[in-house]
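Feature list (source: TrEMBL):
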DOMAIN    23-80  domain 'Acetyl-coenzyme A synthetase N-terminal'
DOMAIN    82-468  domain 'AMP-dependent synthetase/ligase'
BINDING   ARG190, GLY191, GLY192, ARG193, THR310, SER522, ARG583  CoA binding site
DOMAIN    530-608  domain 'AMP-binding enzyme C-terminal'
BINDING   VAL536, HIS538, VAL541  Mg(2+) binding site
MOD_RES   LYS608  N6-acetyllysine
Amino acid sequence: MSANVYPVPGDIAKNALIDKAKYDAMYKQSVEDPDGFWGEHGKRIDWIKPYTKVKNVSYDAKDLYIKWYEDGTLNVSANCLDRHLEKRGDQTAIIFEGDDPNVSEHITYRDLHERTCRFANALKSMGVGKGDRVVIYLPMIPEAAVSMLACARIGAIHSIVFGGFSPEALAGRVEDCGAKVVITSDEGLRGGRAVPLKRNADEALSHPGVKSVEKMVVVKRTGKDVAWNDTRDVWYHEVCAAASTDCPPTEVNAEDPLFVLYTSGSTGKPKGVLHTSGGYLVYASMTHQYVFDYHEGDIYWCTADVGWVTGHSYIVYGPLANGATTLMFEGVPSYPDASRFWQVCEKHKVNIFYTAPTAIRALMREGVDWVNKADLSSLRILGSVGEPINPEAWEWYHEHVGKRNCPIVDTWWQTETGGILITPLPGATDLKPGSATLPFFGVQPALLDNEGKELTGATDGNLVIKDSWPGQMRTVYGDHERFIQTYFSTFDKVYTTGDGARRDDDGYYWITGRVDDVINVSGHRMGTAEVESALVAHAKVAEAAVVGVPHDIKGQGIYAYVTLNAGEEPTEELRLELVKWVRKEIGPIASPDFIQWSPGLPKTRSGKIMRRILRKIAANEYDQLGDTSTLADPGVVDDLIENRQNR
Ligand code: WT7
């Protein structure tokens with residue numbers, strides 16, 4: 001733990017929406033009287049039919065339900081667009097900054113509204129309606145936001161698949177949610193390189209399991225020639241040109257689904273995290289406003305991709321519901337050079353900047369000259385998300401990017417939580433580098449021991465949340481039993497996060513990382529089981545065990561122990577082939593950093609792989625293996641140590 005404490009800067013405290021006293025009072029009310037608190041704050045969005053009930057939740061695994069504002073009706077796109085038209089129709093809603101630094105575009109609320117209405121009508125004409133699923137497989141271009149909002153406008157459920165995922169991964173998600181329409185582009189552009197999205201989508205849709213797709217909408221991004229299926233494929237610009245700009249928003253219930261987003265768990269295939277409309281929007285917009293101390297007129301930039309939940313809540317829904325100006329960046333931090341982030345901050349006079357520790361560490365390695373080349377005087381608030389930020393990276397971010405004037409909000413949350421749960425508020429919370437600090441309003445964290453007993457005071461434990469908040473996921477798409485199993489069965493009557501945490505004497509939380517078999521590579525979540533099943537799907541592989549390994553830039557890297565089928569030779573060529581294979585099965589983010597050929601794996605007598613030992617060897621801490629006497633064959637460990645890859 002870092003010893004440094006950074007008090008709230010005076011000018012921030014003076015102008016912030018929430019100061020210390022206000023935080024304390026609001027937090028107290030939020031947990032003592034959730035109905036009163038959320039009943040009042042639910043009014044921050046526009047309802048078609050106002051709710052009369054606020055919270056209706058049972059965390060009992062035998063009878064589990066989570067409902068917020070259940071008799072209210074609304075439309076999410078109308079909240080993000082229509083209600084702003086009168087006051088800020090001509091204000092910029094989205095600043096698009098292209099991969100090419102010479103390309104940028106300002107899209108006003110009026111313009112975004114018109115584009116959304118057109119595309120919503122186009123989707124309608126394809127037969128898409130309330131409750132239908134639409135998969136979005138797009139680069140970071142304005143059409144991604146338009147597609148989300150167009151689905152929301154007609155009550156369709158979107159499911160975004162990150163553009164870096166492979167055709168196989170895309171196929172699995174399209175099949176699982178039974179999408180009627182897939183939206184993609186001819187190509188994507190990242191760091192000057194083209195990504196063949198349409199070709200990937202064609203391949204995905206040719207999978208035998210994918211039967212539901214009727215139309216593929218293709219955005220022309222690079223103009224590259226692409227294969228065309230005349231009965232299935234349509235151009236985005238053509239269907240939009242033909243559509244009317246008049247599209248009344250569809251009235252949906254607060255608990256009607258808004259989107260499904262697939263995320264990795266510790267077992268099996270990725271699960272479709274389902275979020276609903278009313279509570280989600282209240283929570284995303286409220287956290288966006290208070291966590292980033294968003295003020296009217298601020299230019300706000302979150303560098304995530306809309307393929308992740310961060311992009312859903314804090315590029316699109318939260319900021320637009322608040323009438324903010326949100327920046328969408330198509331490119332990468334290193335292109336054309338390592339000053340790109342800071343150039344974009346200078347160019348668009350960004351006030352609030354939200355990024356991931358992995359990006360900070362990568363840029364830190366390039367040296368401060370890249371930062372100092374840019375005028376960063378517009379910055380007021382900095383944010384971090386996706387994984388624990390190491391104090392060294394925090395201090396660098398604070399000193400060189402924030403010039404010691406900008407509070408850093410280290411925001412802890414998950415795809416499942418819909419919005420930020422543990423975080424500083426800029427005007428209220430003294431900062432400790434590496435700590436996500438204190439809970440947001442309505443959030444009741446607790447630390448449990450492995451038997452489920454709640455621990456008090458300064459301690460380490462399993463991080464759980466004791467009661468619901470409006471942005472919480474409602475189910476796993478198509479598998480409610482899995483939802484209950486995953487989040488509500490490990491411990492009784494609490495939401496289990498899967499993270500471990502420490503609480504210090506000031507009540508500050510320090511997230512220590514996953515306690516399950518999920519790893520975090522560059523802020524991207526991956527189930528070790530997923531990588532293992534990709535490896536064993538290869539004809540030459542008999543068995544595989546995958547663990548996370550500390551990595552300077554990525555936070556965690558992927559270390560795979562592979563046992564080959566009898567008679568197969570462990571060659572360098574095969575190693576490269578397996579890396580390529582995993583990239584093809586899942587996507588480049590799942591590329592193993594190390595593959596160790598292992599004739600055997602350390603197993604207990606009952607056949608369970610002892611991952612603790614594999615993690616230690618991968619981390620090159622082979623002298624700290626602990627008790628190995630329960631292994632069926634302790635001899636395997638010597639071989640694993642001798643041939644370890646990460647020295
Ligand atoms: C997991 C969730 C939250 C949106 C992006 C990732 C880790 C996330 C932090 C943080 C320490 C963090 C946790 C969590 N995580 N933010 N500020 N400090 N760890 O969403 O892919 O659902 O991953 O990311 O381990 O469980 P996700």
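Backbone N, Cα and C atoms are what each Cβ position is placed from, and that goes for glycine too.
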Rounded Cα-Cα span from ARG193 (CoA binding site) to LYS608 (N6-acetyllysine), Å: 43
Inter-residue Cα distance where the pair is HIS538 (Mg(2+) binding site) and ARG583 (CoA binding site), in Å: 12
Nearest-integer angstrom distance between the alpha carbons (Cα) of GLY192 (CoA binding site) and VAL541 (Mg(2+) binding site): 36
DSSP three-state assignment for VAL536 (Mg(2+) binding site): helix
Contacting binding-site residues for ligand 1, chosen from ARG190, GLY192, HIS538 when the Cβ sits under 6 angstroms of any of its atoms: none
For GLY192 (CoA binding site): DSSP state (helix, strand, coil): coil
HIS538 (Mg(2+) binding site) versus ARG190 (CoA binding site) - Cα distance in angstrom: 30
Tally of DSSP helical, extended and coil residues in the domain 'Acetyl-coenzyme A synthetase N-terminal' (23-80): 26 helix, 15 strand, 17 coil
Cβ within 8 Å of the mean position of the Cβ atoms of VAL536, HIS538, VAL541: remaining residues of the chain near Mg(2+): ALA534, LEU535, ALA537, ALA539, LYS540, ALA542, GLU543, ALA544, VAL562, LEU578, TRP581
Cα-Cα distance, maximum over ARG190, GLY191, GLY192, ARG193, THR310, SER522, ARG583, record's CoA binders, Å: 24
All-chain count of other Cβ atoms within 10 Å of VAL536 (Mg(2+) binding site): 14
Arithmetic mean of per-residue pLDDT over the domain 'AMP-dependent synthetase/ligase' (82-468): 97
Rounded distance in angstrom between the Cα atoms of GLY191 (CoA binding site) and VAL541 (Mg(2+) binding site): 34
Sparsest-packed of the listed binding-site residues (GLY191, GLY192) - C-beta count within 10 angstroms: GLY192
Helix, strand and coil totals (DSSP H, G, I; E, B; other) for the domain 'AMP-binding enzyme C-terminal' (530-608): 24 helix, 27 strand, 28 coil
